[in-house]
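Novice: Before I ask anything, here is the structure I am working with.
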Amino acid sequence: MPTLFALKERIAQVVQEKNDPIVTAVATTLAEQQYNACFSAEQVKLWKRQFKCSSVELALACLPIAACYALVPISNFYVGAVAIGESGRFYFGANQEFNAQAIQQTVHAEQSAISHAWLAGETAITDMVVNYTPCGHCRQFMNELNSAKTLKIHLPHSQNNLLRQYLPDSFGPKDLNIEKVLFDQQTHSLPLRGDLLTQAAIQTAAQSYAPYSKSLSGIALQVGEQIICGRYAENAAFNPSFLPLQSALNYRRLSGKSDERISRIVMAESKGTTSHRQMSEALAESFLGLNLEYIEV
């Protein structure tokens, strides 16, 4: 499994290759915040003043650093993304692949950045900045957002394009009469039980987004003394849905904690028409060498 040391080496190489003051400043700040790949609105404003650039120009300059977080043992193809929240915060994302598992377990960079922002408490994404044109899977995933109609996509070669330009005549949650969509506040009530890690899994399951299957699902990881959670984000097209273990592993990686050992994994699911138990158990065993503790609530 790639280590934090490998991430640091990649970033150092990018800094040397780019020889760009923005890249250097971003890398320095990442090191100061222990490689937690989220930047406050205040930090973003400071850089915009310092380098006399817009939010989008700043995010475009950040892409080579964001791509350093990629985990790509299969493709060796590094994709970096920056989701800009309506709060003004920047959230990095990167693609992640898992050996010895079905390729459907892959995390796309746009999914990574969006899930990162969602778990961090962001309320909407205004802009998605990415170093390669979004694939159809990601275009459909972004169409689930509460900001889908106004979301702008920015690439190194083309900026200020609305999502609908990449996904004309789209199919989405409104076609299935879903009013509260991804990033809208969800209100579900699940009974708490068990120890703190189990309770965390239940609480994060209650915050998941599953309007089609009604199968709420959450994961809690014991990472040293910290609990890191991930939750399910469903999609109107079903296949682009984002699974809770990927969500948790992604958040751990982007929090700069990929070196910290995971000692336990708890999954909580409500009884619905689907289950992510088997896929999550397979990934937990092959990628982490751990048994997944499962509860139905």
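Using N, Cα and C of the backbone, Cβ positions are placed for all residues, glycine too.
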Novice: Which of His108, His116, His188 shares the Zn(2+) site with Cys135, Cys138 per Swiss-Prot?
Specialist: His108
Novice: Please report how many Å separate the Cα atom of Glu97 (substrate binding site) from that of Cys135 (Zn(2+) binding site), as a whole number.
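Specialist: Pair distance, Cα basis, whole Å: 16 Å.
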Novice: Ranked by the number of other Cβ atoms within 10 Å of their own Cβ, which of the binding-site residues Cys135, Cys138 ranks first?
Specialist: Cys138
Novice: Can you check what DSSP calls Glu110 (active site, proton donor), collapsed to helix, strand or coil?
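Specialist: Its secondary structure by DSSP: helix.
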Novice: Please classify the secondary structure at Gln96 (substrate binding site) using three-state DSSP.
Specialist: strand
Novice: Hey, which of the recorded positions Glu97, Glu110 is the loneliest by Cβ count within 10 Å?
Specialist: Glu97
Novice: Of His108, Cys135, Cys138, which is closest to Asn95 (substrate binding site) if I measure between C-alpha atoms? They're all binding-site residues.
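Specialist: Going through His108, Cys135, Cys138 one by one, the Cα closest to that of Asn95 (substrate binding site) is His108.
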